[in-house]
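Engineer: Have a look at the structure that comes next, please.
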Amino acid sequence: MRGLTSKESDYSDMNIPLTAAEDNYGFDQGDSSPGGPSGYPPDASGRRSNSASTKLHRAPSAFKSFLANFTGPSTANQEGIRIIYLNNPERNSQSKYLHNSISTSKYNYFTFLPKFLYEQFSKYANIFFLFTACIQQIDGVSPTSRYTTAVPLAMVLFATAIKEVMEDFKRHASDSETNARKSKVLQGSQFVPRPWHAIKVGDIVRVEGGEPFPADLVLLSSSEPEGMCYIETSNLDGETNLKIKQGLPETIPLITPLEVSQIGGCIRSEQPNNSLYTFEGTLLMQTAHGHEKEVPLDPTQVLLRGAVLRNTNWIYGVVVFTGHESKLMRNASATPIKRTSVEKMTNIQIIFLFGILLAMSVASAIGNMVLTNKNVAQLTYIGATTSSWSDFGLNILTFLILYNNLIPISLMVTMEVVKFWQAQLINSDLDMYYEKTDTPALARTSSLVEELGQIEYIFSDKTGTLTCNEMEFRQCSIAGLAYADVVEDGKQARVEDGVEVGVHDFKQLDANLRNHPTSNIMYEYLTLLAVCHTVIPERQESNPNEIVYQASSPDEGALVSGAALLGFKFTTRRPRSVNIQVGQNDLEYEILNVCEFNSTRKRMSTIVRGPDKKIKLYCKGADTVILERLSSENEFVDATFQHLEDYATEGLRTLCIAMREVPEEEYQQWSQIYDRAATTIQNRGDELDKAAELIEKNLFLLGATAIEDKLQDGVPETIHTLQQAGIKIWVLTGDRQETAINIGYSCKLIQEDMSLIICNEQTHWETKEFLENKVKTIKSTYQRGDDIEPLALIIDGKTLGFALEKDIEKVFLELAVLCKAVVCCRVSPLQKALVVKLVKRNMDSILLAIGDGANDVSMIQAAHVGVGISGLEGLQAARSADFAISQFRYLKKLLLVHGAWSYQRLSKLILYSFYKNICLYMTQFWYAFYNGFSGQTVYESWTISLYNVALTVLPPLSLGIFDQYVSARMLDRYPQMYMLGQKSEFFNVKTFWGWASNAIFHSVLIFFTVSCIFKDDFIMSTGTIGGAWLMSVTLYTAVLATVLWKAALITDMWTKYAYISVPGSMIFWMGFFPLFAIIGAQIGLTPEYFGIVGPLYGQPVFWLSIVLLPLLCCLRDYGFKYVKRTFYPRTYHYVQEIQKLNIPDYRPRMERFRKAVHKVRNIQRLRRNRGFAFSQNESGTARLIRAYDTTTQKPTG
């Protein structure tokens, strides 16, 4: 781990909301020595300078020498330290530290309006409509009412604002709930409940077992021996194994409120930062003799907000960082404004469309100017005068208003409504409802639904997202015989040729323990599981007979629980012995030495003296290291390793179990070597490893264990299906490398035929060299045309820190993109977000992040789409995400079905909305050539308004909410169809302008055909002429029929809503128009339509026009569709045919063959590189467990 200083420089550009308190730590400047108490250098006048806003306070004399002589290893300079006084809230309040309230919401009362308006007017359509609404207020310019654009725009913004407020209200409610939680704070000499938002820096708090920490604390004392406590950090780093923290020896005796209230002194700490794994500071306190004592503080004493106290009754701690200055919140980023790629594409096309609109307006204004000046003498009867340049500018504005509906204002409202209902369809999908926890899927925002259909990269947490946070002892191999808790049919134990084969159940194990030739080996095997570990047994006060095992490693907890289940129950731990209960016998084993696990040794050994006074070495570890240390006489090796292969192919976590008896004389000699190594000052760890090597030899193999790190249901199938859909999956986890690799195999993220690239470098330059060499090798292989195995990149957190630096990040990304799977291990929450941002910044792809803990929030917010799992780690991720589901397997339907549907529906909706408006309003432009570019409208103004409000509003809604280009079953069966969204097949520049060109073609065909029909006006049977409004209604109805017919052509699934929206809209218009024209004319609303209904509906030309013209227009579209589907079909066309004709799928017949190949490849991979997964904690646990005595009474505090 690099020093904090380098961390700060590396992450200085992070987008994190920093609300730091003022760094005002001033003291009395009476001491004028160079190393005086202020800690600031003298200015030119010799006086000590300080912040201008800092008020000077007199410090107790005890601090003077401390501050003057402090030379600790703090990464902060003298101006970057934080002084926290113990039991002195008045002094702490003068420093004005940040409060403990948190906010994860997007808006507040002050920022809502500017942020909301900025977000809305980043959409160019809204800017255009605002501009149009403004120029409509100019007298004499607008040919329409001044409110025809302003009112709809205001309604759109208001509706969107309501939606945003409702969605952000949920975040505010979540924040309020968190801030209102209560913890006990020392007040005087007793602890009183206080809400989290009222907790301040310097407060001493009492946290009970099972409670989360309200802020970042420095541990003083606890209910456990030696001031130890267990914490769960799954919300911080994703690890479920418990961590051990320990208070300072000087503060451990403070176990009552009275004693804690009398402590004096101060904590001098680093400034708030985002490094979860580092902390530097010192504690200055007065001793019993009145002297000052300075002791260093390190991460062992720090309890971070977001962690939870486990298996410990209570702790006392001092608050050092609060609210957004806590390390958890420093790893969080502000709630971002997310915009979809479809929305961005629409924005760009609106710019081009506005350019066309402007060109049309300028051309019309030029036409008006030319015709007016040329024919001014003939136009005196209408008061026409020579057109000036000022008239030219006003005419441009007039035509802009006249043609402005080329860009449909209704599109924004329609999109918001459709997205809302698409989100409701996700919420109500019973296939994504988890009955066990009564949790449905939840779309927390409806703005991103179409983005779900274009995902190319998924960044996933492991613990709680892919796995269930549950370890279970499933199978074991003892003396060459396999045992399991559940035996599958066909695998039951039997005797063949006098040899036992197959799998026994655990009941048979219990029977064999009494009367089987291997019973003595079974006894030693189970004894090893119950004795060789660092687990601590705790008895519940409510039920003393019930034992809860406190395990820093979930694997160890599962093994000890498994031994207890099989009759070897671990009951008591003392500093130098453990007790196990076997049947009615209580057996005590003296713990002589513990050779701890580390990532180099990959094993753990315990040397014990049993009840028979014999010394035995019990060892468990990875099969590769145990095999090297076996004696030559081991008859069960082949059978055991065959079982290991079977376990590994099932995705189980395996360990080998071995032992040997150690002669007394050999042990005494070795003990002296071990003691010397334990007291070595330099390289103590290496010396202890060497000492362990001397005794861990000539082992006898007892067998193996198989633990299931239980995956969530359907995870392997989901990942496999998503990979078939062209989605690349990266796993970013805080877990150890071996654990992550093992889970990668079991969940099918890493396939058997993949080559692993493992990057564990120690320096910046080593990392750069490694990555560059790998990229060069892979590229040269591709250039030669050689076949190359699929690749999987494995990189740890330390190396990733180097890889994310500016000069290496592009190389790292290039290598990662060349790999089919990427696993980043031991990463911090901030590193997760950095990886996502790196890909987002450099790749033109849509990213999705999924996680279940607070450590995943930054990653979720950094991605284009964030999905939270409502899991065991709480609801922090789900509350911060855009979508929440309760199981990882639901991601398949969320993306492949709802995502694909939403993207295709929204694409069709946008294209159709532009099409129908261009088709109508381009006829207005063609009409300008007939009216001398006077700005006269071809349609009656209220009729124009009805077009978007009533007559064509339903088809886009029907297409956007209910249309399905293929069924959910087909999308699930053929996941490759998801690639259509990734490639933007349904909505791109080519498609958009294809639809726009088609609309222009239809408008030309309809307008000029109608113009030819009405060239010499229309003579009625009464001898009167029809006039312009007869042509207007005929033209309008023909356009309406054409766009509705087009809607029918592009509808893939005819539901009742499709029938209501398409034929229904036409029927409505034909029935509504007579009433509208007659009543409107009588009340003066539509005088243009006076007496028009009878003559219009009585003319065959009208009926022929509204039938034949749409048929003529759509004939080309139908022909194009036929040719495309017949001769140039896309993938979904085939699937539509399969669905329509109900053609059976024969691929399931290949499933058995695929599984057989899968097993063979798995075994080949295991033989090539047998792995293991051992989540044992690194060195340091043995010293702590030797302080435990579970027979003594714990203090109550």
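Cβ from N, Cα, C; glycine included.
Curation plays no part in TrEMBL annotations; they are all automatic predictions.
Remember, predicted model here, so these are calculated numbers, not experimental data.
Pulled these from TrEMBL:
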type	residues	note
BINDING	ASP461, LYS462, THR463, GLU556, PHE597, LYS620, ARG653, THR733, GLY734, ASP735, ARG826, LYS832, ASN855, ASP856	ATP binding site
COMPBIAS	26-35	compositional bias 'Low complexity'
DOMAIN	179-271	domain 'P-type ATPase A'
DOMAIN	878-1129	domain 'P-type ATPase C-terminal'
REGION	22-53	region 'Disordered'
TRANSMEM	348-372	transmembrane segment
TRANSMEM	392-413	transmembrane segment
TRANSMEM	909-929	transmembrane segment
TRANSMEM	949-971	transmembrane segment
TRANSMEM	992-1014	transmembrane segment
TRANSMEM	1026-1045	transmembrane segment
TRANSMEM	1057-1081	transmembrane segment
TRANSMEM	1101-1120	transmembrane segment
Engineer: In sequence order, which residues at least six apart in the same chain have a CB under 8 Å from the CB of ARG826 (ATP binding site)?
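Structural biologist: Within the chain, ARG826 (ATP binding site) has Cβ neighbours under 8 Å at THR733, GLY734, ASP735, ARG736, GLN737, ASP796, GLY797, LYS798.
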Engineer: Are the transmembrane segment (992-1014) and the transmembrane segment (1101-1120) close enough to be called in contact, which here means at least 3 C-beta pairs under 8 A that are separated by 6 or more residues?
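Structural biologist: These two segments touch.
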Engineer: What parts of the chain pack near the transmembrane segment (909-929), using Cβ distances under 8 Å and only residues at least 6 beyond its ends?
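Structural biologist: Same-chain residues near the transmembrane segment (909-929) but 6 or more away: 342, 346, 349, 353, 360, 364, 367, 399, 402-403, 405-408, 410-411, 414-415, 418, 935-939, 947-948, 952, 955-956, 959-960, 987, 991-992, 995-996, 998-1000, 1002-1004, 1006-1008, 1011, 1035-1036, 1039, 1042-1043, 1046-1047, 1050.
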Engineer: Counting all other Cβ atoms within 10 Å across every protein chain shown, which of the binding-site residues ASP461, GLY734 scores highest?
Structural biologist: ASP461
Engineer: Test the contact criterion for the transmembrane segment (1101-1120) and the transmembrane segment (1026-1045): 3 or more CB pairs under 8 Å, pairs 6 or more apart in sequence, then answer yes or no.
Structural biologist: yes
Engineer: Of all the binding-site residues here, PHE597, ARG653, ASN855, which one's CB has the most other CB atoms within 10 A?
Structural biologist: ASN855
Engineer: Would you mind splitting the domain 'P-type ATPase A' (179-271) into helix, strand and coil residue counts from DSSP?
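Structural biologist: Once the DSSP states are binned, the domain 'P-type ATPase A' (179-271) shows 16 helix, 39 strand, 38 coil.
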